[in-house]
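Notes follow the structure.
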Amino acid sequence: MQLYFAPLEGVTGYAFRRAHMRYFAPADKYFAPFYSPTREHVLPPRAARELSPERNAGLPLVPQLLCRDSGDFIWAAKLLADMGYGEVNLNLGCPSGTVAAKGKGSGFLAFPAELEAFFERVFAEPDMPRVSVKTRLGVEDPAEFGALLEIYRHWPISELIIHPRVRRDMYRLPVRPERFPAGGPWPLCWNGDVFTPGAARETQARFPGVCALMLGRGAAANPALFSLIRGGPGAERGALRRFHDEIYETCCRDFGSAGSAGLRMKELWSYLRCLFPDSDKALKRLAKSKRPEEYEAAAHDILTNERLSPDGAYTAQY
């Protein structure tokens with residue numbers, strides 16, 4: 001069973017991925033937060049930085065594309081292939097209202113005929129990298145997924161990653177495992193609400209045809225979750241400190257501002273807080289910190305002094 005790290009915008013950038021691979025049991029694949037190519041066919045500086053082969057050296061990274069235009073997708077996929085990437089992932093899962101309103105991400109699922117034409121052109125194009133797909137069940141009703149599955153079955157998708165919610169569910173409702181297929185002509189990956197080793201075992205037992213699990217919020221909350229699922233140790237304090245410090249230092253350098261880096265780190269702490277169950281007061285001090293030295297002192301206090309729960313887990317509120 002392969003284990004993947006899902007893309008989390010604002011959290012799992014290259015600094016996070018490198019530090020995670022260095023200090024914790026790594027994922028079998030890391031998926032980069034989506035890049036949305038435009039008709040100008042120019043890779044913007046932020047995407048160039050995030051997808052730079054030098055910054056991702058040694059990482060089994062899969063770039064993810066958010067795209068509705070097949071020509072733009074083909075251009076970006078070939079550019080990424082030239083950069084050394086053997087696989088690109090099409091995002092058909094993002095539920096954001098601004099994204100879906102443009103017919104991208106999960107919004108593309110509302111246009112099955114256009115999606116079929118998109119795949120027809122993409123898979124007719126020579127010299128393409130492998131194309132995997134990350135999808136939701138539909139836009140409004142999980143019954144939409146039957147027709148979508150028939151489209152996916154027509155094409156040589158390298159892997160189908162299914163997040164079993166519809167777009168309108170966002171992340172507010174539980175996953176819908178009853179809609180997950182038993183198999184297909186492509187390798188199947190489950191994505192959604194695997195926050196503990198027990199949940200991973202239950203998913204594997206219920207869906208023996210699944211080849212991989214993709215973990216997002218659960219692995220951001222406990223970077224040792226891949227280790228725990230494989231029967232290894234949980235989060236260790238020294239590794240967490242080094243992990244945090246490396247990400248913070250990289251963000252300070254990239255952003256040119258410790259203040260901006262602190263804001264980015266607070267997004268990460270919205271997940272890491274799950275490892276420190278008695279730290280509400282300390283986490284409030286961190287959240288209220290304004291100056292870099294205040295943030296650094298608050299983070300050091302939590303990482304050094306607060307009780308650590310090595311197998312702490314993300315908890316979804318439904």
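Each residue, glycine too, has its Cβ placed from N, Cα and C.
TrEMBL annotations: computationally assigned, not manually curated.
TrEMBL names Lys134, His163, Gly216, Arg217 as FMN ligands; from the candidate set Gln64, Gln204, the record adds Gln64 to that same site. A separation of roughly 13 Å, to the nearest angstrom, links the Cα atoms of Gly216 (FMN binding site) and Cys94 (active site, proton donor). A strand conformation is recorded for Lys134 (FMN binding site) in the three-state DSSP classification.
Cα to Cα, Lys134 (FMN binding site) and Cys94 (active site, proton donor) are separated by 9 Å. Gln64 (FMN binding site) sits 11 Å from Cys94 (active site, proton donor), taking the Cα positions as reference.
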